[in-house]
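For reference, TrEMBL has these:
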| type | residues | note |
| --- | --- | --- |
| DOMAIN | B:20-231 | domain 'MacB-like periplasmic core' |
| DOMAIN | B:278-389 | domain 'ABC3 transporter permease C-terminal' |
| DOMAIN | B:506-623 | domain 'MacB-like periplasmic core' |
| DOMAIN | B:658-772 | domain 'ABC3 transporter permease C-terminal' |
| TRANSMEM | B:21-43 | transmembrane segment |
| TRANSMEM | B:275-297 | transmembrane segment |
| TRANSMEM | B:318-345 | transmembrane segment |
| TRANSMEM | B:365-389 | transmembrane segment |
| TRANSMEM | B:414-434 | transmembrane segment |
| TRANSMEM | B:659-680 | transmembrane segment |
| TRANSMEM | B:708-727 | transmembrane segment |
| TRANSMEM | B:742-762 | transmembrane segment |
Amino acid sequence: MIQLKHISKYYPVGFGKNEILKDIDLTIFEGEFVSIMGPSGSGKSTLLHILGLLEEPSQGEYLFEGEPVHKMNEKKRTQLHRGSIGFVFQAYHLIDELTVYENIETPLLYKNIPSAERKSRVADVLDRFNIVAKKDLFPNQLSGGQQQLVGIARAIVAEPRVILADEPTGNLHSDQAKEIMELFRQLNQRDKITIIQVTHSELNATYGQRIIQIRDGKIA
Amino acid sequence: MIKSYIRIALRNLWRNKLFSAINIGGLAIGMAISFMLILYVLFQFSFDKFHANTDNIYQVVTADAGVWTTPAPLAAALERTVPGIKTTARSSYFFDHLLLAGETGVKLKGGYVDPQYLDIFSFPVMNGNQKPLHEKNEIVLTVSTAHKLFRDGNPIGQIVKLDAEDPLVVSAVVNDPPANSSIQFDFLCGWSLYEAKESWVKENTWGNFGLHTYVLLDPKASLTAVQLKVKHVLQQEGGSKMTTTLMLHAAKDWKLYNNIKDGKIIGGNIETVRLFLILALGILLIACVNFMNLSTAQAERRAREVGVRKAIGANRRLLIWQFFGESLILVVLSAALALLLLWILLPAFNTFAASSLQLSTAPMIFWVSLPCLLLLTGLLAGSYPALYLSSFRPIRVLKGGVTKVKGNFLSRQVLVIFQFGLAVVLIITTIVIYRQLYFIQHRPIGYDPKGLVDIQLEGKLYENYGAFRNAVIASGGAVDGTTVSGEITNSGSTTWGLQWPGMEEGEENKSFGVIATAANFAATFSIPVVQGRDFLSPNDSLGIMLNEAAVKEMHLKDPLGQVINYNGQQRIITGILKNFVSDMSYKPIGPMIFTYNTDWRGLMTFKLNPALSVQSSMDKLEKVYREMNPDYPFNYTFVDDSYQKKYDNEKFLGRAINIFASLAIIISCLGLLGLSVFAAEQRKKEIGIRKVMGAGIQQVMLLLSKEFLKPVLIAIVIASPLAAYIMNNWLQHYTYRIDIEWWMFGIAGLLAVLIALATVSIQSFRAANLNPVKALRSE
């Protein structure tokens, strides 16, 4: 499903450059649950951002279902981004000014989905995550675990093929973390969503079928 | 989508109440002022455009200076000799006259016109004879005059006495001239009556320039060709001595392009209108700058939202729309508030600008241009925040990297510099205009206008002036009195064709100001007599006095006793008066002559008894007046008031600039307040740490104020030379003017700094007094 060929990422520093990713080759198959691990600064977040189209590689090829992403124009890229990729962040990153319901609805708005369908899809997700009662609350009225639940709900509401999660449990205590990881496993197994997570935790990594270790910008 | 945007925009507004209030308030004030000035400007532009024939109506004026007075036979001569002129009409000057209808007597403005007058101008007849003013005993009233005289009764056929003597029949009622008409009257009488009353009109002579001439051109006629013909018509028809050239002044230019020199329009009221437009835009711009400033200051708060939205699928275009939309919502809210403000402030503005603007009667174009202005403001104010906010890289902001963007801070500084620069220019302008105004109002003018009162010479007093003067002085209300042809404060009449001993070739065209007067002229006005003596009695009826400038102009060595030929009369110079100001005090004093002439007099001037209060003197005068001229109301003007009135234009300008300067400063301060609130909030942690380290309140305040002092100081440096340049140009209008001095810049600068510091310190003080533990705990 996802193929990275000779991907490098570097920033110019003075006369030289600061290489973050060096010649990464990586293939991820449909339906996989992959954990990316590595020490701080090893480049794992950058890798995730490149996968999520939030950053562009300096070199190399990125194929998404066989299509070359690095050659796509802005419009197609946006379409791919909106239609196929969902994001979950460590700091949840919900929009403070919007209610739970509205936060979940936002990706559908960007996909131009008609109002009636939006309503039913948001309602489904709320129902599934057991947060119907919280739908009119604002993010600052929720606990961290609940916020992350909303974050995941927002990520899956547009029915993406891949969820990219950047340390989704990093700000949560272990009980909440377990709950979230169970949810990811469920999404992977029941809904067949490909999941790629970045994590520091050995325990969380075991939820995935495959662990990719990154050290100094290279796959170890 | 749009609903979601509106929702988030409103929630944002509500969450940051202070910012929103500052933002909306500042923009609303700016908009209210711009709306007001746009209304005013539209009103000015609408002047004299309501006539059906507007494009073809012209007034004949002298080409050299655009003087509106023309001789009586000119109209007929124009019709006869200039092809392309369809019709002409003459009118007298319109003055206040007493109209009596039965017991009701009112003083109203009006005069005499040719019957064609109502064909040229669109003052439609509402009632009565459709073609009035052909008969000698006719009078035409406006609707409001008819109401004043006859209440709700039918005025047609009723008798009205003009000046309490000529009984006239009301033949028609016309619509009141609208407020945007240069020509204003309450009643009109026929030309034949004018000829019957005034011998010089009946004589139809070319030498007497005392009335207006209007022409209606054929729409097909070439204006250039007509102008060429009109130019020399005086000389061709009136005789070779009439060297004055004429031109046609279009009705659409009467109000705004009314300054004519040497056959060309060189400006006029349009200059004030332009100034107002520039000021309106300037204030709106300051308000927009505020808006941009405050919106970008909030950027850091919004940055995360931008990052998240981009991560879940928004592209830049959508985000630009979102932020534009938010700006537009703010602009619309501000506009609503602005309209409310406008509605509240309009009466005050009308008193101030002596106008009668109303929202309900605002022209269509105002309501059409309103949304355009809103959109423009939204674009202007919203563009920078929208482009700036939408440009954030999602990864950077989600990692918290945007907060220290140097460029953002710098551009905000530039905006503050711009605002305060404008404010400083306005402060300096205000100071200079006020100083100049004070200067011209308090220059010595050669006589003392205080304690002098002008009373119309009318009714029985015209015959009994001598007895009235004696009675007034006997009553103790006044100590002296004389008659004059017109107000001394108004240079009024000019004459030429004088002959004097030693006159050189070509000097017969030299013009002199002329005041016709009677005995005790110099004494009444306390004008020093340099040589000879004042007029003393009717024995001086062939005397003439000159001012010093006239002696110089005639280069007379030993003027007393010399004979001057004036209008064919041989007059002996009896006295030389010290120069005094009769025009504007900032202009050089021109040569003037004073003739003893009891046929040409319009006013009595009395010098009130300085031993009594003005009120008790006036009571005594009124008592004598009521006895000797019972038909007329006792109307008077203080010479001091008339003198002050001459500077209305300058005063209006001064007050307008003053108000604009204050507003510009208020709006700028609102912006600065917002920015300082924001800065204090952003540096809360830093302040907390510094306080823990032992920094005192003063040091923290200095730290916070310094940041804002720099742009204000730069603004002063940039604005001062600019203001100096603008004011130097303005002062060129005045022969007698003040110098621009350094202290003016000093005061303006100091004022700007103090205002800025005061604004900022409100917030710095609060921040500096905050408990540091609280500030640090929030991390």
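Using the three backbone atoms N, Cα and C, a Cβ is placed for every residue, glycine included.
Here the transmembrane segment (B:414-434) touches the transmembrane segment (B:742-762). Their Cβ atoms form 3 or more pairs under 8 Å, with each pair 6 or more residues apart. Residues 420, 423-424, 427-428, 431-432, 435, 665, 669, 672-673, 676, 701, 704-705, 708-709, 712-713, 715-716, 720, 723-724 of the same chain sit 6 or more residues outside the transmembrane segment (B:742-762) yet have a Cβ under 8 Å from a Cβ within it. In summary, the transmembrane segment (B:275-297) does not lie against the transmembrane segment (B:708-727): fewer than three C-beta pairs, each 6 or more positions apart in sequence, are under 8 Å. When pLDDT is averaged over the domain 'ABC3 transporter permease C-terminal' (B:278-389), the result is 82. Secondary structure counts, DSSP: the domain 'ABC3 transporter permease C-terminal' (B:278-389) has 97 helix, 0 strand, 15 coil. Same-chain neighbours of the transmembrane segment (B:365-389): 27, 31, 34-35, 38-39, 42, 284-285, 287-288, 291-292, 295-296, 299, 302-303, 306, 319-320, 323-324, 326-328, 330-332, 335, 408, 411, counting only residues six or more beyond its ends whose CB sits under 8 Å from a CB of the stretch. For the transmembrane segment (B:318-345), the list of distant contacts is 2, 5-6, 8-10, 12-13, 20, 23-25, 27-32, 35-36, 39, 291, 295, 306, 309-310, 359, 370, 374-375, 377-379, 381-383, 385-387, 389-390: same-chain residues at least six beyond its ends, Cβ to Cβ under 8 Å.
Under DSSP, residues within the domain 'MacB-like periplasmic core' (B:506-623) fall into helix, strand and coil as 27 helix, 39 strand, 52 coil. Taken residue by residue, the domain 'ABC3 transporter permease C-terminal' (B:658-772) breaks down under DSSP into 98 helix, 0 strand, 17 coil.
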